[in-house]
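As structure tokens, the structure follows; a few thoughts come after it.
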Amino acid sequence: MEGLAGYVYKAASEGRVLTLAALLLNRSESDIKYLLGYVSQHGGQRSTPLIIAARNGHTKVVRLLLEHYRVQTQQTGTVRFDGFVIDGATALWCAAGAGHFEVVKLLVSHGANVNHTTVTNSTPLRAACFDGRLDIVKYLVENNANISIANKYDNTCLMIAAYKGHTDVVRYLLEQHADPNAKAHCGATALHFAAEAGHLEIVRELVKWKAAMMVNGHGMTPLKVAAESCKADVVELLLAHAGCNRRSRIEALELLGASFANDRENYDIMKTYHYLYLAMLERYRDSENIIEKEVLPPIEAYGNRTECRTPQELESIRQDRDALHMEGLIVRERILGSDNIDVSHPIIYRGAVYADNMEFEQCIKLWLHALHLRQKGNRNTHKDLLRFAQVFSQMIHLNEPVKAKDIESVLRCSVLEIEQGMSRIKATQDDDIHTAVDNYECNIFTFLYLVCISTKTQCSEEDQSRINKQIYNLIHLDPRTRDGSTLLHHAVNSSTPVDDFHTNDVCSFPNALVTKLLLDCGADVNAVDNEGNSPLHLIVQYHRPISDFLTLHSIIISLVEAGAHTDMTNKQKKTPLDKSTTGVSEILLKTQMKLSLKCLAARAVRIYNISYQNQIPRTLEEFVKFH
């Protein structure tokens, strides 16, 4: 029956109404109920014949299922739309979201619930608003769809239509008394979403319907959001209509100009100067009431520059692009605040431009500043940390000097991020745990790249001591990847992933220098992963014993000299010697094996299954256990 259900689903999916009717012909009522209620799984989607037929716009199939077989319209499934996975979607939601008006009408006429919500509280009306189908939106509203139902983030139908740029839908919803000042969880209104996306006509429409200049959860008004997003026409419209005071006007013009200076998509240095100058004129418009700037203290990353305070100072840097770039970054940080989520992106962009021009020192200063801002705001920084490993690797590959103090700074931030990552994993819900673990593991690997880079950098004794302190700090936290591997396991493992953007020009594993450095900083040489393997178990399986003999030799010697037990068994009762995959590693291991009487005795106890628990000191029990 399951095989037949697959054929039924396929026929419904492809709109083959005659085939579907033939498959169901002369079937018992219970069989038909089973076949038409069967949930098929394809490409991450889970749906019934009715849902997939509605999703694909097969009107005749939907009519057959509803009128002849009385299929329940409230069946739910999991579907993909525009890259999003929608759980709990009905056939009506799918038809509305995919723009199949005839199917929508069929379903509604057969009693489909127009206000049924998905797991995230999305309605069919919201799906139609997302797609911009005014005809479907009108039909649903005329059939009692509630325009005020928001999704689980309190994001309304008006907000999604405003963000997606569907002017006619926005106008209709406002005419139906949708609240233009409703707030989402993040504090944003429809005006915020339209302003950020630069939809001028929608902004004009919302203002006409008395949308207020409200502040969102990040302290941003729609005017500020438009300025930060380089939407000059929206800024000028809001300045003309919003009745904002002089300070707000100045701030918006400054933020707009500053944003044009360091935006990858909207870079325009002429507009930077133009809007900064307009803001400066506004400050000095009334000689009796000049609005002075409250400037930030000088920041090293910005070349210790002080922001221009007079029209003359601004005029003096008009032809100096670099100065205008820095002016833009300073202005943004002053207006938005250092804890604003959007402050760091242009800093990173400007740093990347410096790196592309081989101006690595300035790049690193900016990226370190951005990293500190993001960590201060408790943001995920795995991409930022990896970016440093990439640029340091690029520098080494090009024989450019890398400063040990910069490596140490990034290592320190990595330790903090990995520690926070451990806490995030403990506090994370099951749905997001995969992403949290991915980011955490990425940071562990980045830390190893940075350690590897440090071994290829000129360091004074003091610098090396500082680097070692950060390595010690992380070893002390004992971070593990999914398979229970420690830093030392990954340092000796050829399967350790290496980022392929510059990093793999400099870093590779197994790595003898990284292994030695980790051991010098206190790494546990006999730590085991989830399978009971010690680092020694892993290195003896290295598949390049001849071409990379020195690495294999150095690591085995380092591990044994640090106290690695050559007779230690994993969960399969295999010693490193048993796990050796080549004659070379076997010979190297045998030449290093100096079994103590204590080890021989422990092995004998294990081999002959002699009872030892609660008969010897507890510290010895652990020792016997891993032999």
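Glycine too: its Cβ is placed from the backbone N, Cα and C atoms.
Features reported for this protein in Swiss-Prot:
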- 45-74: repeat 'ANK 1' (REPEAT)
- 87-116: repeat 'ANK 2' (REPEAT)
- 120-149: repeat 'ANK 3' (REPEAT)
- 153-182: repeat 'ANK 4' (REPEAT)
- 186-215: repeat 'ANK 5' (REPEAT)
- 218-248: repeat 'ANK 6' (REPEAT)
- 344-377: repeat 'TPR' (REPEAT)
- 483-527: repeat 'ANK 7' (REPEAT)
- 531-568: repeat 'ANK 8' (REPEAT)
With CB pairs under 8 Å as the measure, which of the listed stretches 87-116, 120-149, 153-182, 186-215, 483-527 comes out on top against the repeat 'ANK 1' (45-74)? 87-116
What else in the chain is close to the repeat 'ANK 7' (483-527), if you only count residues 6 or more beyond its ends and a Cβ gap under 8 Å? 386, 389-394, 396-397, 444-449, 451-456, 468, 471-472, 474-476, 533-536, 538-539, 542-544, 550-552, 554-555, 558-559, 562-565, 568, 626
Counting only residues 6+ away from its ends, which parts of the chain sit with a Cβ under 8 Å from the repeat 'ANK 4' (153-182)? 120, 123, 125-126, 129-130, 132-134, 137-138, 141, 147, 188-191, 193-194, 196-197, 199, 201-202, 205-206, 209-212, 214
